[in-house]
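**Q** First the structure, which I've put down as structure tokens, then a few questions once you've had a look.
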Amino acid sequence: MRPEPTNAPAALSRRFSVAPMMDWTDRHCRFFLRQLSRHTLLYTEMVTTGALLHGDRQRFLRYDECEHPLALQLGGSVPAELAACARLAEEAGYDEVNLNVGCPSDRVQHNMIGACLMGHPALVADCVKAMLDAVEIAVTVKHRIGINGRDSYAELCDFVGQVREAGCRSFTVHARIAILEGLSPKENREVPPLRYEVAAQLKKDFPDLEIVLNGGIKTLEACREHLQTFDGVMLGREAYHNPYLLAAVDSQLFGSEAPPLSRSEALLRLRPYIERHQAEGGAMHHVTRHILGLAQGFPGSRRFRQLLSVDVHKAADPLRVFDQALELLAGR
């Protein structure tokens, strides 16, 4: 196998991705994760159509070129608005647009966004068709295996079937139902049981579709096992809290021969990015809040977290604090 060029972005593959996570997968987090893996598909936080069409569009769409392959996740349910936002994403250079049909929070439900849309498969199909008609880039859907009151396998197949008829070819399946009343988003990630067998049956019954599994996956060993059944795996919180897991993704899941980046090398690559962010008036903690898990499992990990989450706010020269944190990971 020939060595890969290290400067060119990898081709879009959904074999391994990091989930869209509110307040977490912002552009600074994605820049950091990209240092660890070239091939991982990265997703933005969910952006609502209203925010893009009526808010600070540049802020929501901004990213660094190194973040490719990169997908924008949209929240909305008005086909024309989603089509307009998909065009904005394509014009901004995103590789994919993903529709959120999985978020269970009350706040988004009131705006007909997220998991509640699983009860309206024809509307989701209309939304997907409008986006596909508007852009050349991929349009995908992330959804649950059901919602309370509509959680039979037949209803899941009806949902996927209608959205497939609209032209969608890639579905990311969070293998839990969403309970739309009485549970917080956090509880909705923990209380409904994981049912990988339902997602596996979906792949069996829709062999022509790309089915990516999401929910509760914590190790690359588990990823390899699931990839025997599914076309891809998506990690969420584990990738955020234990980011160095991504350093082995390219070799273990994509066959890359490039040596993995060390933790200290990842921090060194982050330093000029932080300097640029500060030069634009940004604060260092906007970036470093995303790297607190990098020292997980090492002596000094507590000090590392304290430096970057507490001391950084008191420092006259935050970069000096960053360099102290870097020293704790020297050679690792």
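Glycine residues also receive a Cβ, built from the backbone N, Cα and C atoms like all the rest.
Okay, these came from Swiss-Prot:
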type	residues	note
ACT_SITE	CYS103	active site, proton donor
BINDING	PRO20, MET21, MET22, GLN73, LYS142, HIS174, ASN214, GLY215, GLY216, GLY236, ARG237	FMN binding site
SITE	ASN100	site 'Interacts with tRNA'
SITE	LYS186	site 'Interacts with tRNA'
SITE	ARG189	site 'Interacts with tRNA'
SITE	ARG302	site 'Interacts with tRNA'
SITE	ARG305	site 'Interacts with tRNA'
**Q** To the nearest whole angstrom, state the Cα distance for the pair ARG237 (FMN binding site) and ARG305 (site 'Interacts with tRNA').
**A** 17
**Q** If you measure from the CA of ASN100 (site 'Interacts with tRNA') out to 10 Å, which binding-site residues from the list LYS142, ASN214, GLY216 are inside that radius?
**A** LYS142
**Q** Between PRO20 (FMN binding site) and ARG302 (site 'Interacts with tRNA'), what is the CA-CA distance rounded to a whole number of Å?
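**A** Distance (Cα to Cα, whole Å): 27 Å.
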**Q** For a quick check of packing: other C-beta atoms within 10 Å of the C-beta of LYS186 (site 'Interacts with tRNA'), how many?
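**A** Around LYS186 (site 'Interacts with tRNA'), other Cβ atoms within 10 Å: 9.
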**Q** So which binding-site residues are near ARG189 (site 'Interacts with tRNA'), with CA atoms within 10 Å, out of MET22, LYS142, ASN214, GLY216?
**A** GLY216
**Q** Let me check the 10 A CB neighbour count of ASN214 (FMN binding site). How many other CB atoms are there?
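**A** Total other Cβ atoms inside 10 Å, all chains included: 23.
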**Q** Name, in the order they occur in the sequence, the residues of the same chain whose CB lies under 8 A from the CB of LYS142 (FMN binding site) and which sit 6 or more residues away.
**A** ALA19, PRO20, GLN73, ASN98, LEU99, ASN100, VAL101, GLY102, PHE171, THR172, HIS174, ASN214
**Q** Which one of the recorded positions (MET22, CYS103) has its C-beta surrounded by the most other C-beta atoms within 10 angstroms?
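**A** When each Cβ's neighbours within 10 Å are tallied, CYS103 leads.
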**Q** How big is the gap, in Å, between the Cα of ARG305 (site 'Interacts with tRNA') and that of the residue listed as 'active site, proton donor', rounded to a whole number?
**A** 30
**Q** Pick the one among the recorded positions ARG189, ARG237, ARG302 whose Cβ has the fewest other Cβ atoms within 10 Å in this structure.
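**A** Least crowded of the recorded positions ARG189, ARG237, ARG302, by Cβ count within 10 Å, is ARG302.
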**Q** How many angstrom lie between the most widely spaced Cα atoms of the FMN binders PRO20, MET21, MET22, GLN73, LYS142, HIS174, ASN214, GLY215, GLY216, GLY236, ARG237?
**A** 20
